[in-house]
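This report concerns only the one structure given below.
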Amino acid sequence: MTAETETGIPGVPGTQAADQFNELPAHVWPRNAVRQEDGVVTVAGVPLPDLAEEYGTPLFVVDEDDFRARCRDMASAFGGPDRVHYASKAFLSKTVARWVDEEGLSLDIASENELGIALAADFPGERITAHGNNKDASFLRACVRNNLGHVVLDSAQELELLDYIAAGEGKVQPVLIRVKPGIEAHTHEFIATSHEDQKFGFSLASGAAFDAARAAVNAENLELVGLHCHVGSQVFDAQGFSLAAERVLELYSRIHDELGVTLAELDLGGGYGIAYTAAEEPLNVVEVAHDLLTAVGKTAAELGIEAPTVLVEPGRAIAGPSTVTVYEVGTIKDVDVDDETTRRYISVDGGMSDNIRPALYGAEYDARVVSRFTEGETTNTRVVGSHCESGDILINEATYPSDIHTGDLLALAATGAYCYAMSSRYNAFARPAVVSVRAGAAKLMLRRETLDDILSLEV
């Protein structure tokens, strides 16, 4: 039998592949994740099996120092914490809002309840930006009353409504206009947000963006301070960011020439790709920031306008790599796929209710046993959840050690973004707990839901 047929990994014998399975790729796992001599994985000095025993599984474990370090990395790359707005849609709690505040970053939110969470954490309204394509009067009124630093306008209807609400409150609301520069991001269709045929923003090509800018400039209770664009999420082609900036700056020039207004800010959103598996490489944010800021300065000079301050909105790139989800292995079965192929199905005690991304986007993850070393030969494996849904798959195709057994703790890395945030109660599953770890100590951020929580909504 060749090494390739043993493992599915060309040139890698089974035992060597098992050794690789014991490794924790540094570009995927939290910075403070370590496999100890007994095979147990710790994060920030806290053994994951101890956390699983205390808080149950599934369990989200957040490396606080990793999260904070990524905030500082972004601030350093883009010229200061005031230039960086953490995209709270990735994952938000009062604790996270406090971390972001303490690191000096701003915050972007996309619903009235996200705003409520931020305010409950005493996050300053002046450092909050409100997003959304369908903000209602209640949401907009809350933005104005809490003195939000920016409201990102997404439609002519919203522009008129916000002007009316601000007038009623006796205030002038700073706004950005979301622009579609027509860039096709190299990402999944559902997370590409800058092409023409989608729900967000005003078209640059059709002239709708300029019309919106003119309306905002003429509105008595709005202050147009800049433009916003976002090419997509989990983007690895860095050229798209610079190209989008160049196209949007042409609108800055037109606004300056025809409306006599110099816009001070350019918000280029986020979308910086991270590694979910060992085979992937995260986008180098330092290089992207350098290229982006250089492109903005160069293009502004060519257009004869003052270069605006560049703002960015990373979410996944901060929250994603800081977190792992710990599951307990349950049922294991071998399924004959055809006459020559057998696939091992490993079921865990969570699934699409705590991580919908594989089902929704075809997202790929990698897993590791974190309660011990694995030593077995490898086998074709699929990791699935416990839900009554054939698409409840966490890892579709993998080659994992054959000695994984019921009761093992299996962890998926890079689950800090869009996992808990998009969680559900499908099959009446209770949402998992979220625990932060730092310097050998754990702190409960969000408790595990109970049946009583689910029943509390009944009337």
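Numbers run from 1 along the shown chain.
Glycine is treated like the rest: Cβ placed from N, Cα and C.
According to Swiss-Prot, the features are:
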type     : residues                           : note
MOD_RES  : K89                                : N6-(pyridoxal phosphate)lysine
BINDING  : G271, E313, P314, G315, R316, Y418 : pyridoxal 5'-phosphate binding site
BINDING  : R316, R357, Y361, E389, Y418       : substrate binding site
ACT_SITE : C388                               : active site, proton donor
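Features recorded in Swiss-Prot, as mapped to the structure shown.
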{"residue": "K89", "record": "N6-(pyridoxal phosphate)lysine", "DSSP class": "coil"}
{"residue": "G271", "record": "pyridoxal 5'-phosphate binding site", "DSSP class": "coil"}
{"residue": "E313", "record": "pyridoxal 5'-phosphate binding site", "DSSP class": "coil"}
{"residue": "R357", "record": "substrate binding site", "DSSP class": "helix"}
{"residue": "C388", "record": "active site, proton donor", "DSSP class": "coil"}
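In this structure, the binding-site residues R316, R357 were compared by how many other Cβ atoms lie within 10 Å of their Cβ, and the smallest count belongs to R357. Taking all protein chains in view, 16 other C-beta atoms sit within 10 angstroms of the C-beta of Y361 (substrate binding site). In the three-state DSSP scheme, Y418 (pyridoxal 5'-phosphate binding site) is classed as coil. Take the Cα of P314 (pyridoxal 5'-phosphate binding site) and measure to each of the recorded positions K89, R357, E389: the nearest one is K89.
Across the annotated binding residues for pyridoxal 5'-phosphate (G271, E313, P314, G315, R316, Y418), the two most widely spaced Cα atoms sit 15 Å apart.
Note on proximity: among K89, R357, E389, the recorded positions of the record, the Cα nearest G315 (pyridoxal 5'-phosphate binding site) is that of K89. Here K89 (N6-(pyridoxal phosphate)lysine) is positioned 11 angstrom away from E313 (pyridoxal 5'-phosphate binding site), judged by their C-alpha atoms. Separation of the C-alpha atoms of G271 (pyridoxal 5'-phosphate binding site) and R357 (substrate binding site): 16 Å, rounded to the nearest whole number. Closest to Y418 (pyridoxal 5'-phosphate binding site) by Cα-Cα distance, out of the recorded positions K89, Y361, E389, is K89. The shortest Cα-Cα distance from the residue listed as 'active site, proton donor' to any of the recorded positions (K89, R316, R357, Y361) is found for R357. Under a cutoff of 8 A between CB atoms, and with a sequence separation of 6+ in the same chain, the neighbours of E389 (substrate binding site) are M352, A359, Y426.
Take the Cα of the residue listed as 'N6-(pyridoxal phosphate)lysine' and measure to each of the binding-site residues R316, R357, Y361: the nearest one is R316.
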